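Here is the structure we will look at.
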């Protein structure tokens, strides 16, 4: 297939879409308004699971399961080809004092996932630094986290090594070029960039771009703030989650604690209120963090969408335009499956899963 495909947006979805397409089409161009991988893909925690997977629709679950199984080999492949290790780090995850534990266990039995109730004493034995007072725990082995800044760095390096891929950073896309009802390129600040197919993977900004065609994509920015501590490498052996807040151990002893959910438009300014709230959650989960130095505090913008179900597929009435966006809190979680499904659809291959729940048709205003 000798097509030129332009991918608008260089987050993990756009980069992995380009990585997959590069083996199938003639030329791939990735455009990003800033540096690739510096928005929500960089800012998130990197847990390779929805925070509460049993609360999501079957559509999200199908993508999550495929992606979770694929991540280890993706990490190994990128490390081998680029020398940049995305650090897919399997630690397991403890959920503490859930209100819907029965639903979680029923979901696990139905989906055949290794999630089970554990005695709280076993949780404290496994995670001695866990804060006091927790009464109940469930645990899922095999849950990993990925160091997302390193993931996007490795994807960027992999793409730069491919002769048929080009990255255009600081490339402002202002709209789409159309001829006879077909999208034939994008309008940039420097002129027209022609394409046989255009993929919109611009995260929280996707709706703004689609609006230039008179279409309403119900994707909006949802701000999330995180903080980072530096501890001993063996300080926290597993991820822990309680009351909507989590702590994630990296291999080098960094501990991420997050996150907030804020509707603040496109403002990414870290706030003092969020810092204090996140520090309080950190100490409740891990009291030894009391008084510890917060080595970083940042914010990112998630692409909020109804029920977190992404839009994957062609845009009706605008031949040549495709969507792979709207993953909300789970862009990194769902990326491998979303991008493989998208590649299957664009190239006419047999899709890895039923694409119907993600189709833009009938879901745009």
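Note that Cβ sites are derived from N, Cα and C of the backbone, with glycine treated the same way.
Taking Cβ-Cβ distances under 8 Å and a sequence separation of 6 or more, the neighbours of residue 45 (FAD binding site) in its chain are 145, 148, 226, 246, 248, 256, 258, 259. Per Swiss-Prot, FAD binding site is recorded for 12-13, 32-33, 40-41, 45-47, 173, 327-333, and the stated evidence type is similarity to another entry.
Here Swiss-Prot flags 302 as substrate binding site. Within the same chain, residues at least six positions away from residue 302 (substrate binding site) with a Cβ under 8 Å of its Cβ are 40, 44, 203, 204, 221, 222, 223, 224, 328, 329, 331.
Taking Cβ-Cβ distances under 8 Å and a sequence separation of 6 or more, the neighbours of residue 33 (FAD binding site) in its chain are 170, 171, 172, 173, 202, 205. For residue 12 (FAD binding site), the same-chain residues that are 6 or more apart in sequence and have a Cβ closer than 8 Å to its Cβ are 37, 41, 148, 151, 152, 155, 331, 332, 335. Reduced to three states, the DSSP call for residue 332 (FAD binding site) is helix. DSSP assigns residue 12 (FAD binding site) to a helical segment in the three-state reduction.
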